[in-house]
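K.L.:
Have a look at this one.
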Amino acid sequence: MPWIQLRIDTDGPHADAISDQLMEEGSLSITFEDGKDSPIYEPTLGETPLWNHTVIIALFEANFDLSPVVERLKQLPCLGENFSYKIEQVEDKDWEREWMDNFHPIKFGDRLWICPSWREIPDPTAVNVILDPGLAFGTGTHPTTALCLEWLDGLDYSNKDVIDFGCGSGILAVAALKLGAERVTGIDIDYQAIEASKANAERNGVQDKLELYLPEDQPADLLADILVANILAGPLRELAPLIAEKVKPGGLLALSGLLQEQAEEVSAFYSQWFDMDEPAHKDDWSRLTGVRK
């Protein structure tokens, strides 16, 4: 069946109050969108911030009369008589199919492909990782994941052990194993991420070479020839001594999840343990690499 949606322009501080009003008016669902392409990075613990310019999208049944709803919304002090809104008809679609159509095989470097399970593999002779969007972050579409995958594609894995620090979906761990790593250890604070990594390793037939741990369960003497950490700038700074002690002398490091303006500071911080390279950039994001002293 078709639907009707009401789009309202507002700001972050008032979005929740307007959302509550719309639910009372009979909205079937509420969605918040960024109105001006201003993403939010590293919210504090327990915080769910919204954008300064937030678009609220309220969905109603097609025969719903929105005129009285709009009139009542005008009485809200945070909106007023001349608030900006738009009413649109929304056609009924196979939303699951439309969502799936947005994901395609992606190539990273010279030999690595990340392929959704419902797509045909473009190059059966390449290194192919089968991975679907799911519970944990990391499908290759984000610039930080792409930067890490491109770096992993260019490495020699002969007799090498790898640590994926903050493994999320397991995409980097599985890619390293498919590229030839001897063994990979994945560490994450989220049990759901551990389960997602395990499932993706099994799907790609590399589960026997992947060990997964919550931080409190990891071996005390864990060391690697290669460590990749795609998290955020704050945790990268806080965990730097712990990360450094897990890399063997002469071992390789890659850090991502940080913005370009954060790269210089984080690189300087890690330089006490590593000989750091020049950053690599993609869109607004950066990757740092280095060699353990």
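Note: Cβ is positioned from N, Cα and C throughout, glycine not excepted.
Okay, so Swiss-Prot annotates it like this:
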BINDING   Thr145, Gly166, Asp188, Asn230  S-adenosyl-L-methionine binding site
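Give me the lay of the land around each of these features.
P.N.:
In the three-state DSSP classification, Thr145 (S-adenosyl-L-methionine binding site) falls within a helix.
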K.L.:
What kind of secondary structure is Gly166 (S-adenosyl-L-methionine binding site) part of, going by DSSP in three states?
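P.N.:
DSSP assigns Gly166 (S-adenosyl-L-methionine binding site) to coil.
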